[in-house]
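Participant: What TrEMBL shows for this protein is this:
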TRANSMEM  B:6-24  transmembrane segment
TRANSMEM  B:36-56  transmembrane segment
DOMAIN    B:76-116  domain 'NADH-Ubiquinone oxidoreductase (complex I) chain 5 N-terminal'
TRANSMEM  B:86-104  transmembrane segment
TRANSMEM  B:116-133  transmembrane segment
DOMAIN    B:134-425  domain 'NADH:quinone oxidoreductase/Mrp antiporter transmembrane'
TRANSMEM  B:169-191  transmembrane segment
TRANSMEM  B:211-235  transmembrane segment
TRANSMEM  B:247-267  transmembrane segment
TRANSMEM  B:279-301  transmembrane segment
TRANSMEM  B:308-326  transmembrane segment
TRANSMEM  B:332-357  transmembrane segment
TRANSMEM  B:411-432  transmembrane segment
TRANSMEM  B:469-487  transmembrane segment
Amino acid sequence: MEIPTETQPEVESLNKLMKKTLVSVVLAGVALALYRSFALMPGYQGLNLGLSNYIIESGLKDTGSLNLITAVLYDYRAFDSLGESTVIFGAVSGIVLILSRKMLPVSSKGLSFIVKRTLGIMTPFIALFGLYIMSHGHLTPGGGFQGGVILAAISIIFSIVYGSAFDYRRYSPQTKTALETGGALTFLGLGLAGILMEGAFLQNLGFLTAETGTLISAGSIPYINIGVGFKVGAGLAIIFYSMIQKTFEEDF
Amino acid sequence: MSWMNIELVLLIVLPAVIAVIMAFSSSFKQRTRNILAVTGAGIELCLVFSLFLLNFEAVKSSEFFLQFTTGYSNTPFVINFAMDNLSLLFSLIVTAAVFLIVIFSTQYIRDKESRYFALFFLVLASIQGSILTADLFTLYLFIEAITVFTTPLISFKKTEKTTRAALQYFFYGITGGVFFFISIILIYFNLGTLKMAAVADSFALISTPMQLTIIIFFLLALLIKLGIFPIHFWLPRAHSACPAPISALLSGVLLKVYLYIFMRLFWTMIAFDFLVELHLSAFVLDLALVSSLIGHVFALQADELKKMLAYSSIGHIGMILAVLMLNTEAAFYGGLLHIIAHMMMKSGLFLSSGYLLRTTLSHHIDDLKGIGHKNRLVFIAFIIICLGTIGMPPLIGFVSKWFVLLAFLEARHYFGAFVVGAGSIIALIYYLRYISQAYETVKTENKTLREELVSLKVFFKSTNIMKNVIYLFTLLIIIFGLSYQFFEMPINTAIFELLNPQKYIELVLGG
């Protein structure tokens, strides 16, 4: 009886040690193999320089967007962006499907009076900033995804500072779903408009272009940005709400 | 920039639009939503079918090729969509199967339909996208999208078991996606392009060890997604946990889409000779055959109906992959025909299992006592489809297995031929186990078969729609088994594409 009680921990620790050594040996082998083949990769200089040169030279001319990243995201490879935002849309649907519960933990207390008042003054500016980032995506750094995240942050701050009941009453999930769907339909609608007016899906709409550098320029890019922004913002807010919901079994 | 082939994008965008509307449809009436879902899938099917009919002459002479470019066609990084005979064949059969599954699920799914259909149509959109795209990054995007969208559908019924299955599915799917992505990065760093045709043109320029790394990562990604032997254990859990229409979608449709991507990558993009040169084709062939055998053997010990069907899927997919790796014309013929056959049979089996298991306590074999008496006609359909999967002569399963067997014998690969035969015999045993269990108890209800047929008169009653979809699958299996020549022309043109990838490459790069 005494022997196992003494040796058991030792054997276990030995087993653990064996396992660890084995794992590290295997990992080291894989790392070596990967290094051997990745070392063959041509250096950064070998990359296709024509691509970046092309974007820098004729990105502005083609799209009218000063922000070349936005030009690539929403014009050259707009279809991939559509796919990505569809993935967000699907993820929101999936999370709501999995986590949908009837109950919201009602905490209407929130934080202290000082925080509440300060945030009350700041909120419009945060919203303005989010909208600015969204609508100026073709002129300055930023765009629909970034602006949408800022808008979603407002919703999250609200439910922390004022209590979740407040935000829930103000902007019900139905409103958020409507905003999300509206954003997605804007994106898709602009794509279909591209087919009708320019002959290619998501083609930049010619009649919307104006002088470079003004707010309403760069064809359909700003509108796509706004659509994506609302979609991402509402989507993230919905995800946040699905995650803070509780079941009856969980204790409060 | 052509008006001509705008349909290709519409095929992808249309399901996405329907999905967005569906997500907002929680306040719609159920009837409206069902009509919307069925018409949406119907329009999609009509679009693909009209593409087939309108270009019938071109398809026949295997000159059929549609392509569409978004954005500025003179830039080096446009997104291409291309459809050749192979894509057309897959697009057609996949859409047809999805259409029937949608009809079934309008009646089967009874809560949270709006989210269900939103995700379902997103899956359809990504399937079409991954079939039609000619750009590696877009392909990666759609593959990931399929994984992300199907995961919540697997855990549709929120229990511990389904959640575990879904998380495991998600984990392995994402891991496969990461491997895929590594390959894409390597290709981009070496060649500076992601167009499949351009990659195909200059793949030989990459140094051999690099080629090996790229091919190995692609193989790993696809073997995980296909559920081939060493990494197959997530598949039965995921495919048996979800609601019946989703099982049919995963097992019947999605695995075929991954097979299509496999063919696209290893015949069109990376020429098959590279696989032979690097001694990988023989390895994958043996692995697939072992996987097939193991799938069938594990199906023997599965005590749950849906798990058994999922294991049998592993067996069939392994066999198809193995026969494709033979790289002969006969092998392609058998493989493609079995893809079509397996799609019909597995979808039919999963849908009928969903119908049968509605009234039982659990999916366990002991609880299936007497279901053969309770749902007589549906169970007869189930038996017929089972016989099809085993390979009984008048059904399509026999025809396709026959051609697979011939291909193995022609290539003098006797282990493959053995696996096909052994798989059939093992399948006979495990199906019989369930069939005998279903007729275990004494008959209690006195409704005759004739009365049951007469009750079909109310054709559009909700339970009858489900039954009718199952009967339709059964009828298709019998009809196509008798007239499999119907598929001869489309399959032969698809084989033409596999054997002459040069056509695809030239047309994509030239146009």
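Glycine is treated like the rest: Cβ placed from N, Cα and C.
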Participant: How about the transmembrane segment (B:116-133) and the transmembrane segment (B:86-104): do they have 3 or more C-beta pairs under 8 A, pairs 6 or more apart in sequence?
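Facilitator: Output yes: the transmembrane segment (B:116-133) sits against the transmembrane segment (B:86-104).
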Participant: Using DSSP, break the domain 'NADH-Ubiquinone oxidoreductase (complex I) chain 5 N-terminal' (B:76-116) down into helix, strand and coil residues and give each count.
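Facilitator: In the domain 'NADH-Ubiquinone oxidoreductase (complex I) chain 5 N-terminal' (B:76-116), the DSSP-based counts are 28 helix, 5 strand, 8 coil.
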Participant: Given pairs 6 or more apart, does the transmembrane segment (B:469-487) have at least three Cβ pairs under 8 Å with the transmembrane segment (B:332-357)?
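Facilitator: Output yes: the transmembrane segment (B:469-487) sits against the transmembrane segment (B:332-357).
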Participant: The transmembrane segment (B:279-301) and the transmembrane segment (B:411-432): do they have three or more Cβ pairs under 8 Å, with pairs 6 or more apart in sequence?
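Facilitator: They do touch: at least three Cβ pairs between the two stretches lie under 8 Å.
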Participant: Suppose I define contact as three or more CB-CB distances under 8 A, residues 6 or more apart in sequence; do the transmembrane segment (B:308-326) and the transmembrane segment (B:247-267) meet it?
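Facilitator: Answer yes: the transmembrane segment (B:308-326) meets the transmembrane segment (B:247-267) with 3 or more Cβ pairs below 8 Å.
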Participant: Among B:36-56, B:86-104, B:247-267, which stretch has the highest count of C-beta pairs below 8 Å with the transmembrane segment (B:332-357)?
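Facilitator: Going through each listed stretch, the top one turns out to be B:247-267.
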